[in-house]
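Look at TrEMBL and you will find 110-288 tagged as domain 'SMP-LTD'. The domain 'C2' annotation in TrEMBL covers 287-407, 438-556, 591-714, 720-834, 895-1029, 1042-1156, 1216-1345, 1507-1627.
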Amino acid sequence: DQHLVSETSTLRAAGTGGPEPRGISAVAVLWTFGKCLGALLPVYLAGYYRVSTSLLVFGMMVYTGWKHAREAKETRLRSAMQLLDNEEEYMSTKAFRGKRGLPAWVSFPDVEKVEWLNKVMHQVWPFVGQYLEKLLVETIAPSIRAQNAHLQTLSFTKVDMGDKAMKVVGIKAHTENDKGQVLLDLYISYVGNVEINVEVKRYFCKAGVKGIQLHGMMRVILEPLIGDVPIVGAVTMFFIQRPKLDINWTGLTNMLDIPGLNVKSDSMIMDAIASFLVLPNRLVIPLVPGLHVAQLRSPLPRGVVRIHLLEAQNIVAKDNYMKGVMAGLSDPYAILRVGPQTFTSKHVDNTDSPKWQEIYEVIVHEVPGQELEVEVYDKDTDQDDFLGRTKLDLGIVKKSIVVDDWFNLKETPSGRVHFRLEWLALLPGTDRLEQMLKRNESVTSKTADPPSSAILVIYLDKAEALPMKKGNKQPDPIVQLSVQDITRESKTCYTTINPEWEEAFTFFIQDPRKQDIDIQVKDADRVQTLGSLTIPLSRLLSNSNLSLDQWFQLDNSGSASRIYINTVLRVLWLDEERVATDVSSTLESGMSRQLPQQTSPHSSFATEGLLRIHLLAGTNLVPKDNLMGGMVKGKSDPYVKINIGGETFVSRVIKSNLNPVWNEMYEVILTKLPGQDLQIEVFDKDMDMKDDFMGRLKINLKDIIDSQFTDQWYTLSVVKSGRVHLILEWVMAASQSDRLDQVFLPEQGGSFSSGKDPKVGAEVTLGEVSRKTTVCDRTTSPEWNEAFCFLVRDPREDILVVKLSHSWTLPIGSLVVPIRELLSEPELVLDQWFHLDGTSPASRVLLRVELKVLILFELFSKCPFNIASSASLHESVDVKKMAADVTEDKVEELPSPTTTQPPHTSPDFSFASEGLLRIILLEGQCLVAKDNMMGGMVKGKSDPYAKINVGGVAFLSNVIKENLSPVWNEMYEVVLRPQAGQEVQVELYDKDMDKDDFLGRQGKCPSLFQWYTLNDVKSGRVRLILEWVPAVSHHDTLDQVMQVQSLQSFQNKAVPSAALLFVYVDRARSLPFKKSGKEPKAGAELVFGKTTYKTKVCDRSRSPQWDEAFYFQVRNPRQEMLIIKLSSAWDQPMGSIVVSVRELLSKPQLVLDQWMPLDGALPESEILLRAELKVREETHMALLPVSLIRRIAQSKCGHMPDHPRCSSICFVTLPSCYIVRLALCFVTFTGFILQGLLRIHLLEAQHLVAKDNLMGGMVKGKSDPYVKINIGGVTFKSHVIKENLNPTWKEMYELVLSEHSVQEIKVEAFDKDLDADDFLGRYVLLWYTLNDVKSGRVHLILEWVPTVSHSVRLDQVLQLQSLQSYQNKAVPAAALLFVHLERAHSLPLKKSGKDPKAGAELVLGETTYKTKVRLFFAWRKTIFYFDSAFHLSPRVELSSGWDQPMGSLVIPVNELLAEPHLVLDQWFHLDGATPDSQILLRAELKVLHSKMVDMIGPGTLPCVASGCGQVKLSLSYALQERHLTVIVHACRGLLSQSKDGVDSYVSLMLLPDKSKATKRKTAVKKRDLNPEYNERFEYELSVDEMRFKRLILSVKNNSASFRSRDIIGQVQIELAHVDLVSGVTAW
């Protein structure tokens, strides 16, 4: 006792801190007075400023709540620290028993203590605090200050991690999992006296943390285990469930403890932690290099658990009435959680035994560890009441495969829930996919989502080279991934075109054969799309491991934009065989025990009965939808709610009806418990507000059981009017099968079973006409003996329907009789018993159906009119013939072994006997002038055009403006069969605004080539070439025909035909039925290029016969194809076939005559056709005289020069038969025949004609000249030089000429005017005098640049680009790149499962080429590119029909320089396709061997850019800081237009940059032609971004006026070409 007293005295002394004072301290009095004054001051101020009392009370409430929350938090923290100081003594007391912390001396069988680890942690904790302090002060604080201008004064004033170290309460090791990993569960408890203070001096804000609690279970996985130090490859850490966190705030953050804010702030902090440390997120720390960290961070799930939430029992009643005097029930619903996955069931009204029957599927990432948590609540309008919870470890489900059991609810007096849990394994193959899909069809659930057959895991890694935002800004990319209706969104990567997301997403898949992955890369505003991608899941099914791990090219994005994605598909599988094996083994192991021979159920077992409720109709219901405030009575939209025994049924809504007819039936199984009522409530359905009440009805179940069957109208209560018609039937169950046949009696028919006979009526319907019999008295064998008559419009299509019902309300059965069946019966009569559909097998009806065909043709046989010309009468009178045809068709379609199909077609003898008439309209002369002026006093001209008619085909030529001797040079072709009397009629007209004037005609054109005088006019003649081109059945002359075709050119862009294709469509067989089950009305559509023909539509038959012939003009037999599409009446497709004309070239006589299978139809569906190709036979006609050539040349060029060198002025295109004569008359540049590049330098001109004269020509003016250069159909146009007769252009143009080019160059100079440009002359080569004008000459340099297959002089060629400068910004090409696309193989299928129609698109910079679309992937097309920048690489993009991507390939041009002969010829793998997809191509680089390279040394190089001056630069790049440094040293030799020098400065910019954010400039140096700047500029760029940037440096004149140019010179540097890491300094 003395010891206790002394100890108490010591504690008391310690608590007071020393002896008590003898008097009252003045400071204490003043402090007490100040606190009282401070407490009263807010009250005084509130009254002084007239603040509302309620506002004051609200503030006091907030303060009280905040104070209470603060005190509670501090109490918890003190308790936890006291517990940590003395665990054993503290846990022995009663006060804190049950708190969250577990002491180290408490142990569990499977959890091991690790006191040694806690001692180590305690020893190293101060050093952990030093590291964290350094991290916060030196790294995190500067980062925060740099990101926000408002936080530039932020600093950590105090960082103290305290002396309380984190403790590991226990460790549990799991050894039953994978042998290649170590699985540990660490139970962590941290109660720290940490103190961290933050201050923002700018705003005088202080905040901080003083004390943290963290409790949770962390899983640590050590994998993979390797056979080398450090044994463990990586450490993975995460919380399976959210840890419990408690933070004690200080300073300004005290406000986070205000009630309402504290919950929200804690949840936000917890969400931030969960985003990287709670499943499915993981923290991965790699310990060895080369690990696949993404696979560790986002591994495949362990499996999927399918949860069947079935029902519950004995749920606690929460909805009591009259303060608990009257006991009610509950409206229970369940909330299910597995980690972050949460599901909420529907609520069941007014029951303690709800039946949900719902299915949910959850992804399980870790077992053991993850649990299923279920909480049951009572649904209320205000706050839902808690009804209990239960938990289950999903590791048990994995071991048992199936768990089907009742689980008791905890924390509640009573209640249990029935679950069926199924463990679905993940299979990497498709062997069991079909079984899973069929099994899922049998699974029924009340949830909206059907069961899944697979899961899809998408690992979103990164993207490259995304396009810039508007304004050339860096985007903030996010990714939206969608599968069907589910969309997931990635995190946002800010200000980058090369984002790295490294996130995983999981989707449930119902049917992987039909679903796609839709990927949208967007900016953070969700408005601008940066790219898109669609991946059909069928592509994954075709891979062996059901995965795709590769780069994908983005659509609707940049040329190099791509995204890296790893997609894995796994098929779900329920191993029921293993479940059955486990059950059988369990039974065998328990055979030794004494088992009961029979069950012992409760006495109430199987005593239930069935209540069948027929809701028939309502009458005189209350109108609720009134108008004008109730002044005008409206109607209602009634529906009914039926409640009994915890079950609720809702009828359909009948719109705008006060006397609705529902005719619906419901069944419910009930026990004969007393006090049960059937409640009927009627409501009016509204869209916007709560449904209006229209009355209720309550019927005692005992009354229904006693009466067994009631059929009556019930009056609704609580409303003015309204009745409901119900049939209520209590159906008892019997244990004998004697009455089973009675259950299936016809009158019940699945509709009712009242024990009474039905009142049966029959309704007979044909088309829109309906007839009803009388309603018989109650009987199961009614007799009517009534007859009806119907008009039949089409016996082949009309159907007779007979419906039997009870009093026209309850259906009993029905019968369908197609009238077509009568056509095959003797005398067109059916008289027999028919089985009824929708009822018992024994139910039948006896009826007679007789068809009478109307005989009308005898009447019309005496009619004097031509009946055959009337289609409608012919159709109406031919019904009997139709019936006979149908009978014959039906007999033919019966299976008969003697039926044979012809192996070949049998066309008419005239088939393929046509030939081709080719008409070439050349010119006209001396035509009549129709456009006269001044009433005909002044002769005008005409605007002639020609109409040509032959064989019923008309052609219309182009209009030649204001010309009486027009030259058309147009060609037309028509396929004709040689017949006597055919004529070619030519008519000429003058084109006018109102009505065209007639210029003459020529009705007969018998000769082959001559002038034809026009008839019916005073003067005029026209010159034609008429050529009859016969066709032959071999292709010996095809190459010659194709060569002539390439040499011909016509003004109307017509291409001569190379052959004729004749197609004879005979018949088809075994076509599929229509969707309605009827036979098709088959028609065939033939499509060849832009030409389409249709056959007739046959009568209904699966074996139609057409016997029709068609012909097509073939331009290129090696590329074109014929498509035949079969359909039923042109609306429902029945199949198609593609016939390549190329196949016919390998057939004897160029004929294909056989049965061919149809695509998209049945396997046995075929069509019989004959395709015959006739190659045209080229004729050789007399050549045109030279006079005609001169006239055509004059019409094209304005004159015909005599000088031999002047023959290259104009290029005249004539028909192929004159090509030889043209070659004699026009001298061409034969030096350009070799393959290479023609480079044209347009330098200057002298002494041009002045066209802009003043005062009517009295004062000589000047011109605004520009030049047009035309060669080979390509036209170049220079820029306009204002007011100058001696202009200097200094422009360059390039053109690639093929091996067989025969071209002329035409140069024309014009004066630019506002109305029409004036002609200044034309010519070519060196200084050439212009023709057709008085004076003027043009200075040109024409350079033929051959190509070589080595890169010896490549550097010198590239040097030309930097030394030469042109006004039109042209950059000389350094090389030509030739790409030959041969073929591809193993391309992915289309989304529809069909083979793709593959086309290839080649893109290099802004140049794009497309191949033809091929069904067989062989193109054989050669494409060339200019290549002046070797960092650009052409991209090949394959797609099906230009809409569905099939893969892509980037051809590296840099690699070609290292190849022998600069050639790459091999198979290349395609990105974004299947692993087997490849393309065969040849890429060949030809370096241009320019002679101008030899002019660099002597200094004779034209268009040298060095005249503007030079600039000295230093370029370097720091890899670690990611900084590009540009130093502008000086300029020298600047060009100045004044004697005083120039005021210069240097402007820099990195392109592309639309917003000019990278624009920088130096200071201005006054009057100095050799200024020195020595200024440094830095740009923050990544390595990937730098590859696509170029530096534009411009030296500008600061003193330039608005009329003079401010740019002295400019330099463009491609950063990809410079070794920036090593650095470079050069002029």
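Here the Cβ of each residue, glycine as well, is placed from N, Cα and C on the backbone.
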Tally of DSSP helical, extended and coil residues in the domain 'C2' (1507-1627): 9 helix, 58 strand, 54 coil
When the domain 'C2' (287-407) is classified with DSSP, how many of its residues are helical, how many are strand and how many are coil? 12 helix, 59 strand, 50 coil
For a three-state summary based on DSSP, what are the helix, strand and coil counts in the domain 'C2' (438-556)? 9 helix, 56 strand, 54 coil
The domain 'C2' (1042-1156) - residue tally per DSSP class, helix then strand then coil: 13 helix, 55 strand, 47 coil
Averaged over the domain 'C2' (895-1029), what pLDDT does the prediction give? 77
Across the domain 'C2' (720-834), DSSP yields 11 helix, 43 strand, 61 coil
